[in-house]
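Quick one: structure below, then a few questions.
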Amino acid sequence: MNAVGTSDLRGVLRIPSFRKLWTALAVSSFGDWLGFLGQTALAASLASGHTYLAQNFSVGTVVFVRLLPAVTLAPLAGALADRLDRRLTMVIADIGRFALYASIPIVHTLWWLFVATFLIETLSLFWIPAKEATVPNLVPRERMGDAGSLNLLGAYGTAPIAAAVFALLSLLTGVLARWIPLFTTNRVDLALYFDAVTFLVSAATIFSLREISTHGGRRRTADGVVTHPSVFRSIVDGWRFMGQTPVVRGLAVGMLGAFGAAGVVIGVATIYVRDLGGGGAGYGMLFGAVFLGLAIGMFTGPRVLRGFSRRRLFGLSIAAAGVILAATALVHNLVLVVFGALLLGCCAGIAWVTGYTLLGLEVEDATRGRTWATLQSLMQVDILLMVAAGPFLSGGIGTHVLRIGDVTFPVNGSAMTLLFAGIGALVVGLVAYRQMDDRDVPLWRDFIDAVFGWHPLTGRGVATGFFVAFEGGEGAGKSTQVELLARYLADRGYEVVVSREPGGTPLGHRLREILLDPREPAPSPRAEALLYAADRAEHVAKVIRPALARGAIVISDRYVDSSLAYQGGGRDLSPRDVEQLSRFATSGLRPDLTVLLDVPPDEGLARTGRRDRAPDRLQAEDAAFHERVRNVFRQRAEADPERYLVIDARLSAADIHRLVVQRILPVLPFPPKRAPRDPLPSTAGGTP
Ligand SMILES: Nc1ncnc2c1ncn2[C@@H]1O[C@H](COP(=O)(O)OP(=O)(O)OP(=O)(O)O)[C@@H](O)[C@H]1O
Ligand SMILES: Cc1cn([C@H]2C[C@H](O)[C@@H](COP(=O)(O)O)O2)c(=O)[nH]c1=O
């Protein structure tokens, strides 16, 4: 899976498991769009003998019941999806949707159409979070942006195809009706049967995908026992998790703000174009420009700004969309407005694909489904409210003329509403930016680095670097492997910075003595956690971030996971407290890869015992302590396989080194700055 080298979308599709999942997504999204067209057409046709109002009402009711499950049941479905076997959930949801779609033309009544539509959408609520939570398990971390773009293509690019197929099937039905009387009475039956089959195809594709994780948000206690939190507990956790994690909070604020503004735009766009003197064509052009901009933003934005911090990009693109929307609202010229709509769509596209990618990368596997579902339901309520509120506000403001001297300016409610929406998006974007900012590098420098690949003052390359942490119990062989890897990469021309915790800085060196020297008075567990955090804060600020900003590879002997394992597991402090402390110390900096050297504690301790110095404070802890430490390390790695490489540390040092090199080489995001000292060995990871 890691061997995908190029950055194009086809590269992601070369990952067989992701290709299958994507095929299922595209087929079932196609089915969704086709189903929407079929359901609304059938609703109109079943009410065709009634008044014009009744026909509208029945179509409106279908749309309403389609949205209802997402608004009311999404968090519950997300929480359940995290607890269920993902593959089975998707297969059952697809088979259910097949049966329900096929039943609609058979039962052929309005009430069953409503009930079946509700049930179909409820099943989709289980399918979507299971799929969302699966993607990061199949795609390497650095390809998540491409995977997000492809998923969007699968989800929305199938809409026009579905519309074309629907039109073709309607024509075909017209022809068939000459011979088969069944098709005379109803012209959408064939489309609905065809649609049902698409879900069977999706079910079969998912069924063959063995790589999908079968676990959900199961919790393990320190001794490895699996426990199941209640559904209620899962939902409460999901809400609390969203509120307490700055990145997810920033994501939620940004997405809700952006969708709210989009809802307002959708609500008042028709009136706005009419106010500008445009007709249907102008309206079409405006929407075409937004969608074209969205596509451009989604596909080119993440590539052009590849080195730019995703967290920064998310808030900034929303803020930029807000500025463009507000400026567009003040321009009374349809051509300029269409141009503004293109730029607006571009920023919205970047924001969407970045937010989607961040959700996959920053939210833990166990809570990803529920976070996504909670966000989705909030966004749907948000957009519905705003679509309704937009025209209401616009109508309330009415139309006025502003006179300054001899010059007059039309002040219309629609434009004012767009102006407010733009200002709202700007504020929300800036709030999200502040919540999520993860870099000390000034924004302008980050931007120039990302766009041009160099910095005009320093002449150095893109400020991304690569960060590897080695973790494991006592005597696992971390220092040995850090040294081997550093030498290997430096020989290949990379700038490598080797460091360790505690003790990677002068301050850290003094803290290390206090923390580990058994002659020093033992700090209380909380004080110990704070001292490790202080060491880390200094290490990140003075060593790691500056090196990454230069584009170096940083290799650290221990990092955050050691605190979670030793203080959170060994000392039994609250893992959440330790995690928050670490996040504060690192301002969210996470390794690109963590290599966990897993060794039974007695074996590792025996290795350290061969040294001629006395055991330090933590080495001197009892066997149960070290067993808890090992369990936490293993649980963390198990929960996030994309970020971890777990190696049995009982292998020889040379074998371990070869495995590390094999994993790391394909994922390094940049070539070495200078030519290698030796030619590369023919097999990755030549024995040291
Ligand atoms: N794969 C290996 N197999 C056997 N012995 C090893 C292996 N790797 C390292 N060693 C030996 O084990 C001892 C501990 O190695 P090292 O210092 O690299 O581990 P460490 O994880 O950094 O230890 P600590 O946690 O105490 O800092 C050293 O004597 C080293 O030579
Ligand atoms: C970073 C970190 C370390 N520890 C412990 C783990 C080890 O016992 C020592 C470091 O010793 P080493 O020889 O350098 O491996 O410190 C910890 O308890 N918490 C931490 O965050």
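A Cβ is built for glycine as well, from the same backbone N, Cα and C atoms used for every other residue.
Annotations per TrEMBL:
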| type | residues | note |
| --- | --- | --- |
| TRANSMEM | 21-47 | transmembrane segment |
| TRANSMEM | 59-81 | transmembrane segment |
| TRANSMEM | 150-170 | transmembrane segment |
| TRANSMEM | 190-209 | transmembrane segment |
| TRANSMEM | 250-274 | transmembrane segment |
| TRANSMEM | 280-301 | transmembrane segment |
| TRANSMEM | 313-331 | transmembrane segment |
| TRANSMEM | 337-361 | transmembrane segment |
| TRANSMEM | 381-402 | transmembrane segment |
| TRANSMEM | 414-433 | transmembrane segment |
| DOMAIN | 470-658 | domain 'Thymidylate kinase-like' |
| BINDING | Gly472, Gly473, Glu474, Gly475, Ala476, Gly477, Lys478, Ser479 | ATP binding site |
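Give me the structural setting of these features: burial, nearby parts and distances.
Long-range Cβ contacts of the transmembrane segment (21-47) within its own chain (Cβ-Cβ under 8 Å, at least 6 residues beyond either end) map to 13, 54-55, 57-59, 61-63, 66, 90, 94, 97, 101, 104-105, 108-110, 113, 117, 120, 124, 127, 131, 134-135, 138, 150-151, 153-159, 161-163, 165-166, 186-188, 191-192, 194-195, 198-199, 201-202, 205-206, 209, 212.
Residues of the same chain lying 6 or more positions beyond the ends of the transmembrane segment (150-170) and with a Cβ under 8 Å from any Cβ of it are 9, 12-13, 22, 25-26, 29-30, 33-34, 37-38, 41, 135, 187-188, 190-191, 194, 298, 352-353, 356.
Within its own chain, the transmembrane segment (190-209) is flanked in space by residues 17, 20-21, 23-24, 27-28, 30-31, 34-35, 37-38, 41-42, 87, 90-91, 94-95, 97-99, 101-102, 104-105, 165-166, 169-170, 172-173, 176, 183, which lie at least six positions past its ends and keep a Cβ under 8 Å from the stretch.
Sequence-remote contacts of a segment are chain residues at least 6 beyond its ends whose Cβ falls under 8 Å from one of its Cβ atoms, and for the transmembrane segment (313-331) they are 250-251, 254, 257-258, 261, 265, 297, 301, 305, 337, 340-341, 343-344, 347-348, 350-351, 354-355, 358, 415-416, 418-419, 421-437, 443.
If you look at the transmembrane segment (414-433), the same-chain residues 6 or more away from its ends with a CB under 8 A from one of its CBs are 250-251, 253-254, 256-258, 260-261, 264-265, 267-268, 271-272, 275, 312, 314-330, 332, 390, 393-394, 397.
For the recorded site, Ala476 (ATP binding site), the DSSP three-state label reads coil. Taking all protein chains in view, 27 other C-beta atoms sit within 10 angstroms of the C-beta of Ala476 (ATP binding site).
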For Gly473 (ATP binding site), list the number of other Cβ atoms lying within 10 Å of its Cβ atom.
28
List the same-chain residues at least 6 positions away in sequence whose Cβ sits under 8 Å from the Cβ of Lys478 (ATP binding site), in sequence order, or say none.
Phe470, Glu471, Gly472, Asp557, Arg558, Leu597
Using the CB centroid of Gly472, Gly473, Glu474, Gly475, Ala476, Gly477, Lys478, Ser479 as the ATP site centre, which other residues of the same chain sit with their CB within 8 A?
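Filtered neighbour residues, in order: Leu597, Val599, Gly604, Arg607, Thr608, Ala649.
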Cβ neighbours within 10 Å, counted over all protein chains: which one of the binding-site residues Gly472, Gly475, Gly477 has the most?
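By the 10 Å Cβ neighbour count, Gly472 comes out on top.
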Ranking the binding-site residues Glu474, Ser479 by other Cβ atoms within 10 Å, which is at the bottom?
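Comparing Cβ neighbours within 10 Å for the binding-site residues Glu474, Ser479, Ser479 has the fewest.
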